[in-house]
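Scroll down for the structure; my scribbles are underneath it.
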Amino acid sequence: GMAVLLLLAVLTSAGAASAVALPVVINTWAFRKAAETAWRVLELGGSELDAVERGCGQCEIDQCDGSVGYGGSPDESGETTLDAMIMDGNTMEVGAVAGLRRVKNAIGVARKVIEYTKHTLLVGESASLFAVRMGFPYEDLTTQKSLSLYSEWLNQSCQPNYWKNVVPDSSKSCGPYKRPEKVTSEEEHTSSQRSVHNHDTIGMVVIGVSGTVASGTSTNGAIHKIPGRVGDSPIAGAGSYADSTAGGAAATGDGDIMMRFLPSYQAVEYMRMGTDPTVACQKVISRIKKYAPKFFGAIICANTTGSYGAACNKIPGFTQFHFMVSSPLLSQPTEQVVDCI
């Protein structure tokens, strides 16, 4: 079990240690409690999927950064809705929910999609009905905090928002918007106002003792999103991807841009070709950069030997990316930092 592995890791010199650097848990951002929870699940004999579900679920409970779980990122109507997915790298099964309303444990519901349905992705109100059938309680996801975020935003003429090329001018007004008689394409003038902390997600990859991979994500999406918006998080290959023959990856950042490139799938494919995880992550970031040089985003990558890495796109206010790693080579879940490229 784990004790033997930990002992092995201690006895092995650093050079040869990579062979026994399993299991490994890696997650986006300095979400320490999520990392500790996932690691503890493995120590107690839980599966890789259990570790991912409980680790990401910890962030749903803790409302990590206000960007995961209830009471954060209210949409344009003031409601918080959740997106999550979980993936089994052995069977390639995925369970996901998007725009989940009034249910707090989004990744828990995603896991039930794998276990009790032949589907992959459930959305909106119907996903909530499924959750209730599975025994999850209906709960209000609105809090004083999310209400105040919403009212402050309304008082600032709904800035920033995600509309473009509409009348009235979305940079000055709350709408309701409609499309103009004739379209005059204008530059996206609001993007610079968006703080880099608008789209954070917990993304996690767990690689077990035998090299089995699982991954998952959970988020409440982009703050002030247009209702109905789904980002990268619950999309397999975008928010995260797991394949026990190659490795796993998870992304965080501006999902609207990143999801178009299936970054997690691409990173796993690079690792399958033998690319080092750090380089795989960097290549993915570089690819997106060609089209969106100023995008906010980062990705974590780990292969089946327990090697891992991360990369991020360098923009003003975001020059380093912090993530958590737990492995037998570390005495405890440890925060790591990578310089953005």
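Heads up, the Cβ atoms here are built off N, Cα and C, so glycines get one too.
Annotated features in TrEMBL:
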| type | residues | note |
| --- | --- | --- |
| ACT_SITE | THR201 | active site, nucleophile |
| BINDING | ARG229, VAL230, GLY231, ASP232, THR252, GLY253, ASP254, GLY255 | substrate binding site |
| COMPBIAS | 178-191 | compositional bias 'Basic and acidic residues' |
| REGION | 169-196 | region 'Disordered' |
| SIGNAL | 1-19 | signal peptide |
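Neighbours of THR201 (active site, nucleophile), defined as other CB atoms within 10 A of its CB across all chains, total 31.
For the pair GLY255 (substrate binding site) and the residue listed as 'active site, nucleophile', the C-alpha distance works out to 10 angstrom.
Looking at VAL230 (substrate binding site) and THR201 (active site, nucleophile), their Cα atoms lie 13 Å from each other. Just so you know, of the binding-site residues GLY231, GLY253, the Cβ with the fewest other Cβ atoms around it within 10 Å is the one at GLY231.
Shown are the binding-site residues VAL230, ASP232, ASP254, GLY255; the one with the most C-beta atoms within 10 angstroms of its own C-beta is ASP232. For ARG229 (substrate binding site), other Cβ atoms within 10 Å of its Cβ number 18. There are 30 other CB atoms within 10 A of the CB of THR252 (substrate binding site), with all protein chains counted.
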